[in-house]
Amino acid sequence: MAAPASSHGPSEDSGCLQERKIAAEMMLVDCLTDDQELVSFEDVIVDFTQEEWSSLNPDQRNLYRDVMLENYQNLATVGYQLIKPSLISWLEQEEFSKGQKIVFPEWKLQLETKCSAFQQEFLRGNISSRMQMQTGINRGRELCDGTQYGDFFSELSPLRTDMKTQPAQDNYGCSQYRKDFLMLQRKNCAGEKLSEFSQSEETGMTPVKEKIDTQEKGFECSDCGKSFMSQSHLQTHQRTHSGDKLYEWNECGRSFINSRLAVLIETLNAKKPHRCKECGKGYRYPAYLNIHMRTHTGEKPYECKECGKAFNYSNSFQIHGRTHTGEKPYVCSQCGKAFTQHSGLSIHVRSHTGDKPYGCKECGKAFLTSSRLIQHIRTHTGEKPFVCVKCGKAFAISSNLNGHLKLHAEEKTCECKICGKAFGYLSCLNNHMRTHNAKKSYTCKECGKAFNYSTHLKIHMRIHTGEKPYECKQCGKAFSHSTSFQIHERTHTGEKPYECKECGKAFICPSSFRIHEISHTHTEEKPYKCQQCGKAYSHPRSLRRHERIH
């Protein structure tokens with residue numbers, strides 16, 4: 001047994017539950033007929049090989065559990081399941097979440113009585129406990145009173161608690177009626193009948209499990225040597241070696257090894273009438289489609305009042321808000337460290353457990369996060385997906401691209417029309433324009449300086465409080481600003497991203513780079529002028545020394 005796949009995102013939780021319920025109901029409608037023909041849990045189950053099951057991720061296994069439990073509950077509601085299948089018992093246990101192997105024979109109830117009144121009424125409820133069974137027997141005795149089955153129900157009531165200890169007594173009355181009434185079949189892959197009912201203390205009946213270890217498995221896989229009891233199961237297994245996927249899902253063109261998996265997934269997505277005209281993705285509710293369309297239109301309706309940053313989705317906006325409020329609701333129980341997102345806490349916990357679940361198939365190296373593994377894999381493949389839009393240079397890691405972009409930032413081509421200040425990127429210019437358009441409503445109570453954003457005021461306040469939240473792990477030195485901290489880290493890493501085009505000399509910080517560039521002009525350029533007396537200097541340090549005089 002294994003599970004069907006699904007790719008629903010976290011924003012579709014409520015819709016997914018409705019879709020699973022509809023899928024379960026649709027499968028039951030196909031199974032239940034007007035004349036109450038035999039239906040079992042086996043009719044609405046999805047069978048897979050162990051290889052297929054092990055390839056599914058936790059979300060896909062959880063979807064399988066929800067659908068199968070829904071199917072079983074619906075069957076029980078209309079009375080088509082007498083004994084709880086072992087699969088359901090397994091799904092309800094916590095071993096399911098641990099991904100343990102699933103190998104269960106399925107039980108099928110067959111009702112062979114000719115009393116249609118009892119057949120329709122006795123099977124109305126899920127007869128899985130002694131009390132429910134007793135209620136069903138009483139109801140059956142009322143319906144069948146005066147018929148050839150009347151004596152049968154008289155013998156059944158009351159159910160004795162010592163049935164199991166009295167094998168000689170025939171508690172079910174006429175043995176012929178007992179055989180006609182209840183026959184439980186346990187089937188293997190070839191459909192052979194393997195066992196019948198005996199009595200149990202809990203329900204009055206329990207399946208007598210005959211050993212299947214001796215069953216012949218005459219179909220052996222030539223690739224791995226695994227044996228199967230039927231040709232069809234061998235063929236399905238062999239597709240795991242060949243990669244053949246015969247069953248295609250029409251909506252996205254995805255293929256599956258098992259036909260029932262393809263059918264179930266198509267059923268789960270059948271009720272999605274709201275389709276995206278851009279990519280064809282379907283949604284059950286128009287609200288979900290509207291949210292999805294933002295990925296195509298670029299609409300970002302959620303704007304932060306603190307910094308002006310905009311977001312597509314409300315949950316992203318809420319998480320961003322914590323960067324301003326300082327809220328960190330997810331706390332590590334081991335060390336007390338707090339995080340703004342649950343994913344951050346999950347990754348941090350691995351530092352305590354030593355768990356590195358993401359391993360490289362090429363060299364075996366393991367990583368805490370999938371993003372680190374992806375970056376590492378690029379060292380094997382040579383992939384460089386991060387490309388500079390200005391010069392076309394490509395990088396394997398986004399942080400390397402960001403460092404490279406700082407070189408272009410010195411080329412200040414985007415100029416402010418109000419004050420003449422220039423910027424390397426249009427986005428930086430747009431942020432700067434807010435300083436002209438917005439009111440400086442955040443004022444420092446210490447010195448009276450005003451700021452556009454509360455975050456800028458918080459950074460400024462560190463001058464007065466002496467707070468230095470950025471501490472170097474290498475040497476312990478602390479800084480009040482992140483930019484100063486980043487520049488300091490380069491003294492340990494040796495990174496020098498600012499390179500002179502004239503002589504090739506590289507520098508850690510942009511200020512040193514600008515001072516060096518002046519040395520190549522061979523002029524007495526003195527861009528740093530004193531506002532008090534007008535005296536000019538070629539270096540900012542000289543200007544600062546001069547200003548002390550005033």
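Cβ coordinates come from backbone N, Cα and C, glycine included.
Listed in Swiss-Prot for this protein:
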- 39-110: domain 'KRAB' (DOMAIN)
- 219-241: zinc finger (ZN_FING)
- 274-296: zinc finger (ZN_FING)
- 302-324: zinc finger (ZN_FING)
- 330-352: zinc finger (ZN_FING)
- 358-380: zinc finger (ZN_FING)
- 386-408: zinc finger (ZN_FING)
- 414-436: zinc finger (ZN_FING)
- 442-464: zinc finger (ZN_FING)
- 470-492: zinc finger (ZN_FING)
- 498-522: zinc finger (ZN_FING)
- 528-550: zinc finger (ZN_FING)
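Just going by CB pairs under 8 A, the stretch in 302-324, 330-352, 442-464 that sits most against the zinc finger (274-296) is 302-324. Here the listed stretches are 330-352, 358-380, 414-436, 470-492, 528-550, and the one with the most C-beta pairs under 8 angstroms to the zinc finger (442-464) is 470-492. Long-range contacts of the zinc finger (302-324) within its own chain (CB-CB distance under 8 A, at least 6 residues past either end) are made by residues 10-11, 291, 294-295, 340-341, 431, 434, 453-455. Counting only same-chain residues 6+ beyond the ends of the zinc finger (330-352), those with a CB under 8 A from a CB of the stretch are 319, 322-323, 368-369.
Nonlocal intrachain contacts for the zinc finger (470-492), taken as residues 6+ away from its ends with a CB within less than 8 angstroms of a stretch CB, comprise 459, 462-463, 508-509.
Across the zinc finger (470-492), the prediction's mean pLDDT works out to 88.
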